[in-house]
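Following this message is one structure expressed as structure tokens.
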Amino acid sequence: MSVEDGGMPGLGRPRQARWTLMLLLSTAMYGAHAPLLALCRVDGRVPFRPSSAVLLTELTKLLLCTFPFLVGWQAWPRGAPPWRQAVPFALSALLYGANNNLVIYLQRYMDPSTYQVLSNLKIGSTALFYCLCLRHRLSARQGLALLLLMAAGVCYAAGGLQNPGNLPSGPPPAAAASPMPLHITPLGLLLLVVYCLISGLSSVYTELLMKRQRLPLALQNLFLYTFGVLLNLGLHAGGGPGPGLLEGFSGWAALVVLSQALNGLLMSAVMKHGSSITRLFVVSCSLVVNAMLSAALLRLQLTAAFFLATLLIGLAVRLYYGSR
């Protein structure tokens, strides 16, 4: 298995075990994000500003990647600081920032279910940019695996989880009496296409940048998250009146910020030593974790669509990473 395929060639068992553990941890953190956010809700709503959570997450990432330099675990490159090499990371931060904000605006032009289903198109856009920018051709087997991954996401979004109150055996809750109808506007469709393209481009561009530069990962993270903090600080300040930076935060919210920050650092390592395709599989596999935690913590019920999605994810992993 090559680096382009998402593997780590020539690793001994201890390093391969650490790599596998890192991917499993990232999968668990991705999967835990939505259930943890649900546990943050007070009276049915999240009590803090989303921009506050994003800004605090970027700040935490910056502090964590600065720590190795402060304690001497990572040496600063000799000579003048390589600031010219830092500038390209501004585009990465801008692309990620644009994507995070597009997710919010998309909800105005379509219902959440339509968004969840159609957003799986970013798997295809990531694969497209991966082939174009990194000049790596996917085999027919790998292409089929990514199609299965998209299908798994659609199955899961279409009904992998269900509120027990919506089942025929029990009375429907008041909130479900008049559910939001499926809809998408032409502008929403256009924004969704832009969202998927930016998602794929941001992932592949960051991977290309990290692999081309001969700099330590900690230093590259320092550049990336410095721009991320500055960008999100501006977005938070320009977001108009609302709760303060820490207003409404609880222990669950702090856990959301910390887990997302750690996951961001893990994903940086994946981009540096693995590939954007590996990241797609991590995100898709996290659906299984998300469903299991939602069933355990939020008492949601797993449906046949969840088990079909799990089967498709397993087949996709086998096709893409299995022996050829």
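Cβ from N, Cα, C; glycine included.
Residues annotated as transmembrane segment in TrEMBL: 20-40, 52-74, 86-106, 144-162, 182-205, 217-237, 249-268, 280-298, 304-321.
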List, by number or range, the same-chain residues at least 6 past the transmembrane segment (182-205) whose CB is under 8 A from its CB atoms?
91-92, 95-96, 98-99, 102-103, 105-106, 108-111, 113-115, 118-119, 121-122, 124-130, 133-134, 271, 276, 279
Considering only the recorded stretches 52-74, 144-162, 280-298, state which has the highest number of Cβ pairs under 8 Å to the transmembrane segment (249-268).
52-74
Using Cβ distances below 8 Å and needing 3 or more such pairs, separated by at least 6 in sequence, tell me whether the transmembrane segment (280-298) contacts the transmembrane segment (52-74).
no
Same chain only, please: residues at least 6 beyond the ends of the transmembrane segment (144-162) with a C-beta under 8 Å from a C-beta of the stretch. Say none if there are none.
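Long-range Cβ neighbours of the transmembrane segment (144-162): 113, 116-117, 119-121, 123-124, 127, 138, 277, 280-281, 284, 287, 291, 294-295, 300-303, 305-306, 308-310, 312-313, 315-317, 319-320.
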Apart from its near flanks, which chain residues at least 6 from the ends of the transmembrane segment (20-40) lie with a Cβ under 8 angstroms of it?
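Beyond its ends, the transmembrane segment (20-40) has Cβ neighbours at 46-48, 250, 252-253, 255-256, 259-260, 262-263, 266-267, 269-270, 278, 282-283, 285-290, 292-294, 297-298.
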At a C-beta cut-off of under 8 Å, are there same-chain residues at least 6 beyond the transmembrane segment (304-321) that contact it? List them, or none.
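Contacts with the transmembrane segment (304-321): 1, 5-7, 141-142, 144-146, 148-149, 151-153, 155-156, 158-161, 277, 281, 284-285, 287-288, 291.
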Could you give the residue numbers and ranges of same-chain residues that sit at least 6 residues beyond the transmembrane segment (217-237) on either side and whose C-beta is under 8 angstroms from one of its C-beta atoms?
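Same-chain residues near the transmembrane segment (217-237) but 6 or more away: 49, 51-52, 54-55, 58-59, 61-62, 65-66, 68-69, 74, 76-77, 82, 85-86, 89-90, 92-94, 96-97, 101, 206, 209-210, 245, 264-265, 268-269, 272.
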